[in-house]
């Protein structure tokens with residue numbers, strides 16, 4: 001048996017021969033996904049604080065005070081106007097002479113001026129009540145100039161109406177107290193005391209309401225001029 005000097009090729013049994021023309025298989029290891037970051041805690045939501053708005057702020061403190069005074073004066077004017085209307089409407093008086101068959105009546109509706117006076121005071125009292133909500137709105141919103149203009153115009157109309165009615169009633173009451181010698185009109189208050197007392201008190205109360213309304217007009221005009 002011949003031996004050669006060439007080294008013998010040793011093929012290990014455990015090795016797997018590479019496939020011809022194919023890339024070697026590479027074991028792919030799937031990388032584990034990175035751990036999810038811990039969820040951030042929700043941001044603390046702070047509810048907006050309710051800031052208290054003072055009723056009398058420095059910017060509109062004067063306007064609110066004037067508007068509040070306007071509301072109080074309307075309530076003050078309502079009383080005399082209503083009292084004048086009620087006193088005039090209930091001023092009827094009957095005078096009996098000798099027997100019940102001869103009676104003399106003094107009624108306010110016999111005088112057109114007193115009838116106009118009672119109606120005007122009733123209208124003024126109703127207007128003052130209806131104007132209270134509008135005046136309250138002006139207290140809450142002093143910048144409502146349009147509403148102030150509306151109240152000013154209505155106050156002027158009611159003041160003019162009430163002034164005319166009170167002046168006419170004052171002339172009739174003076175005639176009832178003093179009479180007129182040139183016209184041979186005798187005074188009737190010597191006989192009808194209740195009628196004259198009620199109508200005289202009604203005239204005084206009506207003039208008080210007129211003064212309050214005139215003060216309201218002056219106050220509103222001054223406020224509007226100041227804000228404009």
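Every residue gets a Cβ built from N, Cα and C, even glycine.
Quick caveat, the model's predicted, so the values are computed rather than measured.
Summed and averaged per residue, pLDDT over the topological domain 'Cytoplasmic' (1-65) gives 52. Swiss-Prot lists 1-65 (among others) with the feature topological domain 'Cytoplasmic'.
The transmembrane segment annotation in Swiss-Prot covers 66-86 (among others).
Annotation source Swiss-Prot lists topological domain 'Extracellular' at 87-113 (among others), citing sequence analysis.
The feature transmembrane segment is assigned by Swiss-Prot to 114-134 (among others), with sequence analysis given as support. Note on the transmembrane segment (114-134): residues 71, 74-75, 77-78, 81-82, 84-85, 88-89, 91, 108, 147, 150-151, 154-155, 158, 161-162, 164-166, 168-169, 172, 199, 202-203, 206, 209, 213 of its chain, located 6 or more positions outside it, place their CB under 8 angstroms from a CB of the stretch.
For 135-149 (among others), the entry in Swiss-Prot reads topological domain 'Cytoplasmic', with the evidence type sequence analysis.
Annotation source Swiss-Prot lists transmembrane segment at 150-170 (among others). Within the same chain, residues 70, 81, 88, 113-114, 116-117, 119-121, 123-124, 127-128, 131, 134-135, 138, 199, 202-203, 206-207, 209-210, 213-214, 216-217, 220-221, 224 sit at least 6 positions outside the transmembrane segment (150-170) and bring their C-beta atoms closer than 8 Å to a C-beta of that stretch.
Marked as topological domain 'Extracellular' by Swiss-Prot: 171-201 (among others).
Annotation comment: Swiss-Prot describes 202-222 (among others) as transmembrane segment. Outside the transmembrane segment (202-222) by six or more residues, the chain places 66, 69-70, 73-74, 76-77, 80-81, 83-85, 87-88, 91, 117, 121, 124, 148, 151-152, 155-156, 158-159, 162-163, 165-166, 169-170, 173 with a CB less than 8 A from a CB of the stretch.
Annotation source Swiss-Prot lists topological domain 'Cytoplasmic' at 223-228 (among others), citing sequence analysis.
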